[in-house]
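Here TrEMBL flags D184 as active site, proton donor. Under the heading active site, proton acceptor, TrEMBL lists D332. Per TrEMBL, the feature substrate binding site maps to W106, H224, W227, N254, K326, E330. Positions annotated as compositional bias 'Low complexity' by TrEMBL: 38-59. Annotation comment: TrEMBL describes 60-75 as compositional bias 'Basic and acidic residues'. The annotation region 'Disordered' is assigned in TrEMBL to 34-79. Sequence annotations record features per position, and here TrEMBL assigns signal peptide to 1-25.
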Amino acid sequence: MLPRPLRAPLAALATTAVVALTASATMTPDIAGARPQASAATTTIDAAAQKSTGKSTGTKADKGKGKGKNKDPRRTQGLFVDQRMPAVTEGETRHRTIAKRSQALWLGIEYYPTHQVRDVVRDYTFLAAAARKTPVLVVYSIPDRDCGQHSAGGAADAASYKAWVKKVAAGIRGSKPLVVLEPDAIPFIGDPGCEDVADRLALLRFAVKRLSAAGAWVYLDAGHSDWRPYDGRALLLKRAGVGLGRGIATNVSNFRSLRDELAYGTFLRRELKKIGVTGVKQVVDTSRNGAPIPVAGDVINPTWARLGKAPKMVFDGGLDGRLWVKHPGESDGAVNGGPGSGLWCDLLADRLLGLPESGGC
């Protein structure tokens, strides 16, 4: 599902942030939802589970890092906690564990159209700058998004998508955000609902280049460790421009363990290195992967799911950090007690926290 747009007016909150930013300057300056799951991880992946892999040497976003005053602020400051996320505005006091954590702002052309998205992004990143934190965005509007499944939609055509991405890039310029690019777009290639592979890869490459040039660390979505087959995924990632960005995002809105995702990242980096792409970094969505053994096939508000590790940039080998890309407590769909996709539900949040179920949504 695509998370609902933020309820509070961005411009009004940005006005408040002007005061905070000015004051500090005087001192210094959910498509998420279901994802296909398949068989258990192969022994190839399991063998790599002890590695988070080596040093970055190749991606464009990792070159040219300075020291001292020129050090990238994303390496030292925390992730932005937006006070308009549903756990804050709709959750109860008992959901504070969710509300106090950084969660991504999802950008979909349906909610933030081309004429509006630049200002939405600019206001959001301004709030993050005022807090001296790193904003996290999800760009999610590729044509034929989700290949006609749960989160179908996206831009009408390639021209519309490019125009929209240009506006997103204009909004982030100078703000140094993290951007998770197009969940599912790569792993869905081969699905009957997404037939034009060349066009999709070209659009992803365009987005990686444009957003990276605007200052974003772009993490191209690579599915998750149990979404198969992925023997050819490294080549698709290369053609989609992964080497022009920061790296890959995995497990978006899914439930695979951090251990399995790190192993999957190691596998992809090894395969990418074979075809000339090095220095690829990884972020993992840990919003709902705290259960020790995920149940294959049960992906719509599963009752067994639990919160994963808190979002944090760690810069440990190949792992840049853990993110909460999916909003914990938002529904995947009207299954297992949940409301429609993208709606907050106290019951779902209670389950993720391991609390007694207190009723409905």
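Even glycines carry a Cβ here, placed using N, Cα and C.
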D184 (active site, proton donor): nearby binding-site residues from H224, N254, K326, Cα cut-off 10 Å: H224
For the binding-site residues W106, W227, the one whose C-beta sees the most other C-beta atoms within 10 angstroms: W106
Where the record names W106, H224, W227, N254, K326, E330 as binding substrate, the maximum Cα to Cα distance in Å: 22
